[in-house]
Structure formats: structure tokens, C-alpha cells
């Protein structure tokens, strides 16, 4: 049974249809990729799942329960963690405190005291390789570390599902490979993952399955190789130049 | 770390004992001056909970002060309550009012929140000016405290001191609990706080209500001390400005910042008005501006960082220039 399921969800911003009747399933333990050109509606999908705004129509179910229309903090506590494309650390807090806040209020937050949350934070920082940065203020970190902190905050929430929204944008090749390894490690710890990514190198190495959005509509869904060779997908990415290239 | 905590605890204890003993060795005028400082220290520290830690700059906190003052006046004068009961009711009513007002107003952020709270305070003043039970603009008398003159000075001083200690202690306990982290997370990034599982509406409203509770207590003691209150001084926007200036001057988001701010601002303005009858407001304004430019994090920052040199000031100017 699917752990997360979206059923024909749409999002209209006044007249603009950002996402149009998109359905997908996320199976337990898999890494599902979500790709598409800029403005395709990828982040809008993440925001609908995370409860930033409710879908205009359609339903989202998590572990069989409807979650569309719930507030972000309720969804976070149920076990869905997300990262932000434009990272959102708590700038004035230390790295450790940032992560501890995730542990305090996430899925197992109710059962953790502030002190236990600090211990959990240490554990997560060790896991993502930020342990030696733990006492620095979050706003003093470089891009790669900030992205990793964003992942650490999400992991500290003890989620069942993580939505990674472009955690590799702005990283160099070496850092991308590290991030890919990290996400694989996260999957092995039993967490189901949805990655939104532009970096094809990462998508190819990570995803079991991928689906493609274009102008808010789903145009392909399937194994990575198959989807990336799909004519519609190539067209969506290359636009008019597709003709020139095929001739 | 442990050693440090012990030392801070020791220093706090010494300061507290000093504050508690000081009225015994001085005259009534100074005690009264100390009582005023404590009153503003309560209000600035209470403002610090919502403005400093949660990051919601309330420009209407005087409304809780006024509600506290008027609750005490009405309950004691019209309903024949004793002071203890009136005091407790004043804080609680202010806190409940903060919840009711906070639910809609705390949906606004930044400047919009500031303006809305300003409006709430002004609206409340107009209401009090026109209600029969508050006796409108003519003001309302309270029963006098039945004590010797010296005893009265002691009573109000120690009431303020006890309320301040309760306020700071509550803040300290909350800061080390999960609730404190949720407030700071909201200040640092509210959307991220929400997505990480923090019920931001609840946390903000509780912070606002707590801020109101202690401000209401201060208003209650003030009313009993004055024995006569009117809407204009009880709800004046000056009081709000003063608490914000004190909190910022001392150090926003620092436990003892507002207390230090209240003390220094009151002392500075007292000295200035002693020496410069006409232009003291001008000098006072200049000092506040200089302080904000050179130490935007407040004097608490200078003390804790132990940096009092040119490079510290220059760094501040660079960091915070517009």
C-alpha cells in the first residue's frame, strides 16, 4: 500500500493553474523523483503535501488518512518532513539548536524533552556529517553546509517521508555526490523519499522511479531511463529546439 | 558550563538581595524612584517575551497595563475586592484579553502587527473614556492603602520587585523548555518553525498572553499606588514606546536586558532632567539614537561579550547599516 498518495490534486492561484489534476503514489521505502522545467509546479506540489496551502481540488492521503487542508505543523508531526528550496535555517541559533528544534516538535517531539532532543540532534548531526559544525551559528555556514543542515532538521523530526526540494541546487560535483550518498543512506534507514531535483546526475543515481511535470500537468511517470528518453519529456525540456536536434 | 551557571546564579542572588535590602537604607523619594524603575522593568521584560523572543514588536502593550490598572480600580472601588484578589484578576484579565485579541492580530506580521496593536490600545482607551463603569475621562479613585507612609513605600516597592522576579523567573524557565525554543524559532523563521511541527498560532498567542499577564500585574500595582487613575496616562502610547526603548536599549531577547535598560534609561533621563530643564528630551533622544547605532544589540551585549572598544562599534555599524 502507498504511504503517500495524491489523487488528482490541482492548485489555482486566482486564474493561474499552477498544478492541474496531478496524481501519484509514493510506495514505502522508495525514492521517487519529481522533475520538470522551471515553473512546472514542482514546489507547488511539495507545498500542497506539506500543508503550506491546501489543494484547490483533489485529495492527499498519508498512510491512508486524508491530510489535505491540514496545517503544516500537523503534517510535520504526523511524519512528513520537508526541506525548503530556498533554505530556511533559524539563522540566530546554533547548528545544533536548529536540529534540536526539529527533534523537539517533529513526529516524536511529544515524547522528547528538550534535553533528549539535544541528544537526538547530536546523533543526526553525526549522521549527516555536521558534527564539527554544531556550535556555529546557522547564518555563518556556507551553501553546502546549509543544504545539509536543512536535511538534518528534517531528519531530526523522525519522519516516515521526507520531501527534498532541490537540496542539490548550487552544489558542485563533489558535493552533489556526497548528497546522493547521504540520501541513499537515509533511504536505508527506512525513510521514504520524494526528491525534487534539476540535477540529472543525481536523479539517475538515486531514483527508483520518476515523474515529470510540465506546465502543471503530469506528462510521464515510470523508471528513470524510460522517462528520460520519452519524447514528450525531451520536448518539454528542450522546447522548440527539439525539432532542430532531431533533424 | 556548570561552573558558569553556578556563578551566574550567585551573581543574580547577590543583585536580588541588594535590590531587596536597598529601600531599608534610603529615603522615600529614592524608594519611589526605584519603584518606578521596577515597574518599567516589569513592562520591558514582559514586552521582551513577545517582542524580543518571539519577534513580534507589539506597539500596544500599554493596553494590558491599562486593563490591569482599571480592573484593579473597578474591582476595588465598585465591587469591594481586596487588593490581592484585584491584583490576580488584573493580570488574568489582561492575559485573557491578549488571547482574544491575539488570535486575529497575531496573524499579521511585521509592521502590520505593530500598527494593529497600536490600534487596539487606542481603541481600548476610547472605550474606557466612554464607559460608565470606568467613569470616563473624569477618572476613578481607589481606596487608600491603610498603612504608614513609609510602609506604603515599602509595600509598593516590594510588590513591584516580587512581580519582576516572577516575570524573569517565568521567562527563564520557559526559555529552557521546549516552549522557549518554539518562540525563538518563530522569531528566526516562522514558516520553517511551522513546517518543523511547531503550532505557531498557539505559541505566539501564549507568548502574547504571558506578556500581558505581567504587564497587567504592573498596571494593577500602579493603580493602587496612584489611588486615582485616568484613561490618558493609563493607556498612553508613551508607555509602550518607553518599554520598547528600554528593552532595545538594554538588549532585546536577553533575559536581563530589559531590566538593565529600564534602570539605565530611567537614571539617564532623571539626571538629564535635573540638569537641563528645557532640553533634556533632546539630549535623551540623542543618547538613544547613539546607542541604537553603536550597540543595536543593547548594553547587555557589551557586558556579556566584554567588548567595549572601537572595533566592536564599527563592526556593529557595518552589520546593521541600512
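Glycine is no exception: its Cβ is also placed from the backbone N, Cα and C atoms.
As annotated by TrEMBL, transmembrane segment applies to B:6-25, B:37-59, B:79-103, B:153-175, B:206-224, B:244-265, B:277-296.
Same-chain residues lying 6+ beyond the ends of the transmembrane segment (B:206-224) with a Cβ under 8 Å from its Cβ atoms: 39, 42-43, 45-47, 49-51, 53-54, 56, 58, 61-62, 64-73, 76, 83, 86-87, 90-99, 102, 106, 142, 145, 156, 159-160, 163, 166-167, 170, 174, 179, 183, 234.
If you look at the transmembrane segment (B:244-265) against the transmembrane segment (B:37-59), you find at least three C-beta pairs under 8 angstroms, all six or more positions apart, and that counts as contact.
If one looks beyond the transmembrane segment (B:37-59) by at least 6 residues along the same chain, the residues whose Cβ comes under 8 Å of a Cβ in the stretch are 65, 106, 109-110, 113-115, 117-118, 121, 157, 160-161, 163-164, 167-168, 171, 175, 180, 183-184, 186-188, 203-204, 207-208, 210-215, 217-218, 221-222, 237, 239-240, 242-244, 246-247, 250, 252-254, 257-259, 261-263, 265-267. Spatially, the transmembrane segment (B:153-175) is adjacent to the transmembrane segment (B:6-25); three or more Cβ-Cβ distances between them are under 8 Å for residues at least 6 apart in sequence.
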